[in-house]
C-alpha cells in the first residue's frame with residue numbers, strides 16, 4: 001500500500017457520524033479546526049506522546065493502542081474535572097498504513113481510538129500523518145466551568161487523600177508483558193494496563209469538592225508528591241488502606257507474589273490512570289451524596305491517608321499505625 | 001547528560017517572562033493548561049509533526065528547526081485569519097538533550113522556538129518530552145472573531161487569485177540542501193526554507209475580505225487545488241504574474257537555472273508558507289486601503305489569476321495569454 005496523506009485522512013480519520021452540540025464549527029479538512037467554547041467555560045488542553053519501544057511494544061494489539069493513546073489523554077482532562085470535547089491526532093507510521101506486517105493495523109488502531117472517542121462524544125478535529133518511526137501524539141481539549149478546574153496546588157492541611165478503584169493492576173500487567181512475572185490470571189492485569197478507563201465522570205463530580213486532583217500515571221507516590229510539592233504539605237499514607245483488586249489479592253494468596261510486592265506495585269508501579277485527590281471530610285460526605293444520585297457507575301473510592309505539615313519525608317507510610325518504609329521511586333519515561 | 005522529563009521541562013520549557021493578556025489561567029505544570037477564550041471568538045487549532053529524515057535533516061541547525069517547527073504551525077493559523085495565542089510542544093529526543101553530538105541542541109532548539117513565539121506573544125502552555133527517534137509535534141491554538149475565519153470552500157466565480165511575497169525560494173533552498181543545484185547566492189534560498197515568516201498580520205487583515213485562503217506548504221498548484229475542489233470552481237493562472245524573487249530572477253539571468261525551472265519551483269515546489277487567497281476586485285481595493293494604514297510591514301501581494309467555471313483541467317495556465325502546460329504535482333510527505 002502506498003496511500004498518500006490525503007487518502008489516509010479520508011480513509012481512516014474522516015467520519016460520517018456527527019456529534020450533537022459538539023461545538024465544532026469547522027472540522028477536519030481546512031488549515032485549522034474552529035471550535036466554539038460555551039460562555040462561562042475555560043478550555044483545558046493536554047498533549048501526550050506514545051513512542052514505540054518506550055510506551056508500547058511494536059506487536060501491541062493496534063485496537064488497544066488506539067484506545068489507550070486517547071485514554072491516557074482523557075485521563076488528564078478527568079484529573080482537571082474537564083468535560084472532554086475534541087481531539088487532534090498526529091501519527092507517524094513507518095510504512096503506509098501497515099505496521100508489524102499487519103495490513104489492518106491502521107484501521108484497527110482507529111477502531112480502538114474511535115471506540116473510546118464515541119463513548120465520551122469526543123470529536124476528532126484535526127491531525128497529521130507522517131512517514132517515520134512509529135509514534136502517536138494526541139492533543140485533547142475539554143471544557144470546565146471557569147474557576148472549577150481541579151488543580152494540584154490547592155490541597156489543604158488535614159485533607160483526606162483518596163484514590164479511585166484499584167491501583168497496581170496496570171503495573172503488574174506491564175511486568176507480565178515483560179515476562180518478569182507469571183500469575184494465574186494474566187489477562188486481567190494486561191487488560192488493566194491496555195484498556196484503561198479514564199475517570200471522566202468522577203472528575204466532573206469532584207468539581208467544587210476536591211481541593212486537588214491528579215491522575216496516577218507515574219505511580220501513586222510520585223503523583224502524590226506532585227500534589228504535595230505544589231500545595232506545600234506532606235502526607236501520611238496507611239498501607240493497609242491501599243485499594244488492591246480482588247484479583248491482585250488472589251494472586252498474593254496463591255503465592256504468585258508476596259504482599260509487599262503487591263503493595264510496591266500499588267505505590268510506585270504507575271499506569272493506573274485512577275484519580276488521586278485530596279478532599280475535606282465534609283466535602284467527602286457531599287461527594288458520596290452526589291455519587292449516590294448518579295445513574296452511571298462511578299468507581300469505588302478509598303481513603304488512603306491524610307495531608308500533614310511538612311516533615312522530613314514528604315510521605316510517611318504506616319501499617320496498622322506503625323511507621324514502615326517503602327520506596328517512592330516512580331517511572332520516568334525519559335530515563 | 002541524563003535529564004529526567006521533569007528536569008527537561010524545568011530547564012528548557014518553563015519561562016519566567018509572562019505575556020500580558022495571554023488568557024492563560026493555568027500554564028505548564030498541571031495535568032492540563034487552562035485557557036480563557038474571549039467572548040465572541042472561536043478557537044482555531046492546528047497540529048503538525050516534523051520528523052527527522054522526512055521534514056528535516058539531523059544536522060539542521062537546531063535554532064532554525066525550533067523556529068520552523070513553530071512557524072509552519074503559525075502559518076496554519078495565519079491562513080485562517082486567526083490570532084495565535086498558545087502552543088503545546090511534544091518532542092521526542094534520542095539521547096537526553098543532545099542530538100547529533102551537540103550538547104547545546106535542546107537549548108538552541110528552544111531558543112529558536114521561543115524567538116518566534118515571543119515575536120507573536122504566543123505562550124507555551126504544555127507539552128511532553130519522550131525518549132525516542134527525533135520528532136517534534138506542535139499544536140497551536142489561536143482565536144478568531146466568530147464567523148470571520150478564512151476557509152477554503154468559499155471562493156466565488158470570477159474572484160482574483162492572489163499570493164503574498166515570493167514563491168519558489170524555499171523549494172530552491174531545499175534543492176540546494178539536497179545538492180541538486182548550485183547557485184550564486186545559496187544562503188538566501190536556505191534562509192527562505194528555514195526561516196519561514198508566518199503571515200499572521202496579513203491573515204488578520206484578510207478577515208471579512210478574502211473569500212478563501214490557504215497557506216502554501218505543498219506547492220502553489222496543490223494548495224490552489226484544495227481551494228478549487230472545496231469551492232467547486234477552476235482557475236486560470238498567468239505564469240508571467242507569478243511572484244519570483246529578485247534573487248531567483250538573478251540566478252536565472254546568471255544561467256544557474258532556466259526560466260521554466262524557476263516557474264516550476266514556484267508552481268509545485270512547496271515550503272513557501274505564503275498565503276494564497278481569493279478575493280473580489282472590490283475587496284482587493286479595500287484590502288489595499290487596510291494595508292496602507294498599517295504601521296508594521298505587510299508583504300507585497302500579486303494577482304496571479306482568476307477563478308473560473310469548472311473546466312477539463314482544474315487549473316489552466318497562460319503565458320502572455322497563450323495556453324501553456326505545466327506540471328501540477330505537489331509534495332506529499334507520506335510518499
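Glycine is no exception: its Cβ is also placed from the backbone N, Cα and C atoms.
Since we're looking at a predicted model, the values are computed, not measured.
Residues or ranges marked as domain 'PurM-like N-terminal' by TrEMBL: A:29-144. Using DSSP to sort the residues of the domain 'PurM-like N-terminal' (A:29-144) gives these counts of helix, strand and coil: 34 helix, 51 strand, 31 coil.
According to TrEMBL, the Mg(2+) 4 binding site annotation covers A:31, A:46, A:76.
Per TrEMBL, Mg(2+) 3 binding site is recorded for A:31, A:76, A:215. Take the CB of residue A:31 (Mg(2+) 4 binding site) and look out to 10 A: across all protein chains shown you find 27 other CB atoms.
Applying an 8 A CB threshold to same-chain residues 6+ apart, the list for residue A:48 (Mg(2+) 1 binding site) reads A:69, A:72, A:73, A:76, A:137, A:138. Under the heading Mg(2+) 1 binding site, TrEMBL lists A:47, A:48, A:128.
Annotation comment: TrEMBL describes A:48, A:76 as Mg(2+) 2 binding site.
The annotation substrate binding site is assigned in TrEMBL to A:55, A:271, A:331. The 10 Å shell around the Cβ of residue A:271 (substrate binding site) contains 25 further Cβ atoms across the protein chains shown.
Sequence-distant neighbours of residue A:152 (ATP binding site) (same chain, 6+ apart, CB under 8 A from its CB) are A:212, A:213, A:214, A:226, A:227, A:230, A:231. Taken from TrEMBL, the feature ATP binding site applies to A:127, A:128, A:152, A:217.
Here TrEMBL flags A:218 as Mg(2+) 5 binding site. When other Cβ atoms within 10 Å of the Cβ of residue A:218 (Mg(2+) 5 binding site) are tallied across all protein chains shown, the result is 23.
Each residue in the domain 'PurM-like N-terminal' (A:29-144) has a pLDDT score, and their mean in this model is 91. Residue A:127 (ATP binding site) is 13 Å away from residue A:47 (Mg(2+) 1 binding site) when you measure Cα to Cα. In sequence order, the binding-site residues from A:76, A:127, A:215, A:218 that place a Cβ under 8 angstroms from a chain B Cβ are A:76, A:127, A:215.
When the Cα atoms are compared, residue A:127 (ATP binding site) and residue A:31 (Mg(2+) 4 binding site) turn out to be 10 Å apart. The sparsest Cβ neighbourhood within 10 Å, among the listed binding-site residues (A:76, A:128, A:215), is found at A:128. DSSP assigns residue A:217 (ATP binding site) to coil, not to a helix or a strand. Here residue A:271 (substrate binding site) is positioned 10 angstrom away from residue A:215 (Mg(2+) 3 binding site), judged by their C-alpha atoms. Across the fold, the C-alpha of residue A:31 (Mg(2+) 4 binding site) and the C-alpha of residue A:128 (Mg(2+) 1 binding site) stand 11 Å from each other.
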